[in-house]
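Trainee: One structure is given below, represented as structure tokens, and several questions about it will come after.
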Amino acid sequence: MANIRDIGLSAAINILSAIVFLLAFAFLRLQPINDRVYFPKWYLKGARESPSRGGTFVRKFVNLDMRSYFKFLSWMPAALKMPEDELISHAGLDSAVYLRIYLVGLKIFAPISILAFIVLVPVNWTNDTLDFSKVEHSSIDKLSISNIPAGSKRFIAHLTMAYVFTFWTCYVLLREYEIVAQMRLRFLASEKRRADQFTVLVRNIPPDPDESIGELVEHFFLVNHPDHYLTHQVVYNANKLAKLVKEKMKMQNWLDYYQLKFERNASKRPTTKTGFLGCFGAKVDAIEYYKSEIERIENEESEEREKIVKDSKSVVPAAFVSFRSRWGAAVCAQTQQTSNPTVWLTEWAPEPRDVYWDNLSIPFVSLTVRRLIVAVAFFFLNFFYVIPIAFVQSLANLEGIEKAAPFLKPLIEIPAIKSFIQGFLPGIALKIFLILLPSILMFMSKVEGLTSISSLERRSASKYYIFIFFNVFLASIIAGSALEQLKSYIHQSANEIPRTVGVAIPMKATFFITYVMVDGWAGVAGEILRLKPLVIFHLKNFFLVKTEKDREEAMDPGSIGFDCNEPQIQLYFLLGLVYAAVTPFLLPFILIFFGFAYIVYRHQIINVYNQEYESAAAFWPSVHGRIITGLIVSQLLLLGLLSTKGAGQSTPVLLVLPVVTFYFHKYCKNRYEPTFVKCPLQEAMKKDTLERAREPGFDLKGYLMNAYIHPVFKGDDDDEKFSIADESEAEQVLVATKRQSRRNTPVPSRYNGSDSPSLPEIVNDQRL
């Protein structure tokens, strides 16, 4: 069990690591050769040019201005200077609101930390309960609630602070929810015209033997939305074509590499092997081999394009339908289209760059099965991950290590080694075990069939949070306390075990302190160094880059990584709220994380990250809900702890808090969440009216025509094959139908999934 000495050593290691990372960043960011690594966002915006364009040869690679090195920390105040409105226009609302998560952490925990250290720390410290108990403990644990004797009146202080912490947290969350909702409405109102504002994604289009998907979509919306329907784009299953295009690009990169290599040394033709990774198989001329491979792929690509155009099976029963106004799109997206709620399903279309095209070809009926399979797989992933978590906890238990490996006992007993194992190793081991987890969870989310990158990230973040809650938080507490107090469990009656657990749980704060320092201090400092993108950029720059376009493609600005970063932030909220009234010593470490991370990520968002989509802060309800979950868990945990400490009379008092918190969450959900999932018709009409007044002759159909064509078709000569033929056709009120049932009988087609009247009836009604 870690003590003050162990925590001090861990803090020293992590602070030193963070300082090394920051100094390395401060030096590397000033070198002209690294400019595209540390400021790629400005290059993508065209607001920065490479400093290697002029000056002496040495100056192209090294910054010789000694004065700039004395301002190595100037990036910190520079990151804070940009106003929030300017930040939104520069990086988008998603990025600005993401930063507010860190600000919420500071707003919640700064006052809580001050109150906890003024009130609770003296109350806990001025007892000697642990000194006379059989429970393994350290000097840090004397600052926790475990040091108060059972049945003591001092628990009144913890009850009072629990109420204060709850009301303060709810107040901050309420204010932030209101602010973010207003920011979203202002952003949507001020934003320029976007294709997704006029477009709806329609799925599960029912089959019809007489009409193609495109004809069926056009007919359905001309009949049911005659005044607002404008155009549509059916969805093609182009996944195989996309793989061919990606493979061709890969082969082209290798061809460029070997051609460049041959240009540098024309006396020797480069060679490669045709087997796996170029390491096996027959040796051939590399340039000729990759030229032939590119030609082969181009032939396959041409055949696949022709197949998509001619084969009706390549058309997916889904379409992007665009309307003449935002109002028309809002009505369609937020209403049920037919009496059968399982067909003609409409939802807001993601913006074109947010569409995850691979999943649009998944049959809608298979989505339920896929989600069931993923749910089962996720359950077993959670279950089996307990094993490495228990291993991590065993690292903090020296007795367990000595028992498993007796020969290590002399080494472990060395004070410095002992402090390193207990104070640093568990945190870094847990961090390592969690490295691959976001990729696994993102793969699971893709299998579920979500159709946008933003929804994939939100779903993956939800899974990651559940995983962290059960495996990192609960499993660490249960497994850790069981391992540390094993001797106490063996030598006491079964009735005493719950009380021992209640005393031991607060002591796991030392483990979480080490994790916060590894992940939240050194980890955040490592984020700004960008070591992996730095190495990859220079490797590409040395071997592949020939033109400015190549150099731009070699940059890897990355993005916020909401799917993995936000759940980790939520772990700090959970730890802070749980341990605020239990072991306040943890709070300063969390405060340092929120403050430091806010500065670092603000710098990264301004200079580095290039967000691949804009959801207008659609993730905020999830952020709010997870903080509320952490708050309720903290209340229930405190309730359980006090019940093991002989303070059962406080149970009715504490039971009020989870109930009040839950109803507070329901109020916020009903009051603010519709802003994040629906479009107010009043706002849509207002924006439409303003645009018509300002741009009465704007060609909206031309603007929307090819917005939702699959990326593999964009810029292609065949674009017209995937577009609606003629604007004059869209101006017709009715569209000719090929259905035999509609030509010969007024009975609706049994295939169209609606009870709408037949075409002759519509014609007769309009003649009247």
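Note that Cβ sites are derived from N, Cα and C of the backbone, with glycine treated the same way.
According to TrEMBL, the protein carries these features:
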COMPBIAS  743-757  compositional bias 'Polar residues'
DOMAIN    8-176  domain 'CSC1/OSCA1-like N-terminal transmembrane'
DOMAIN    197-359  domain 'CSC1/OSCA1-like cytosolic'
DOMAIN    370-642  domain 'CSC1/OSCA1-like 7TM region'
REGION    736-768  region 'Disordered'
TRANSMEM  12-30  transmembrane segment
TRANSMEM  101-123  transmembrane segment
TRANSMEM  155-174  transmembrane segment
TRANSMEM  372-396  transmembrane segment
TRANSMEM  416-443  transmembrane segment
TRANSMEM  464-483  transmembrane segment
TRANSMEM  571-599  transmembrane segment
TRANSMEM  619-642  transmembrane segment
Trainee: For the transmembrane segment (571-599), find every same-chain residue at least 6 residues outside the stretch whose CB is under 8 Å from a CB in it, and list them.
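Mentor: Hits for the transmembrane segment (571-599): 76, 79-80, 99, 102-103, 105-106, 108-110, 112-113, 116-117, 120-121, 124, 140-141, 143-145, 158, 161-162, 165, 169, 468-469, 472-473, 505-507, 509, 512-513, 516-517, 520-521, 524-525, 626-627, 629-631, 633-634, 637-638, 641.
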Trainee: Restricting to CB pairs under 8 Å, which listed stretch, 12-30, 155-174, 619-642, is in contact most with the transmembrane segment (101-123)?
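Mentor: By the under-8 Å Cβ criterion, the transmembrane segment (101-123) pairs most with 155-174.
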Trainee: Going along the chain, which residues at least six beyond the ends of the transmembrane segment (619-642) come within the CB cut-off of under 8 Å?
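Mentor: Same-chain contacts beyond the flanks: 94, 97, 101, 104, 145, 155, 158-159, 162, 165-166, 169-170, 173, 176-177, 180-181, 184, 454, 457-458, 461-462, 465, 469, 502, 505-506, 562, 566-567, 570, 573-574, 577-578, 580-582, 648, 650-651, 654-655, 657-658, 661-662, 664-665, 668-669, 672-673, 676-677.
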Trainee: Averaging the per-residue pLDDT over the domain 'CSC1/OSCA1-like cytosolic' (197-359), what integer do you get?
Mentor: 87
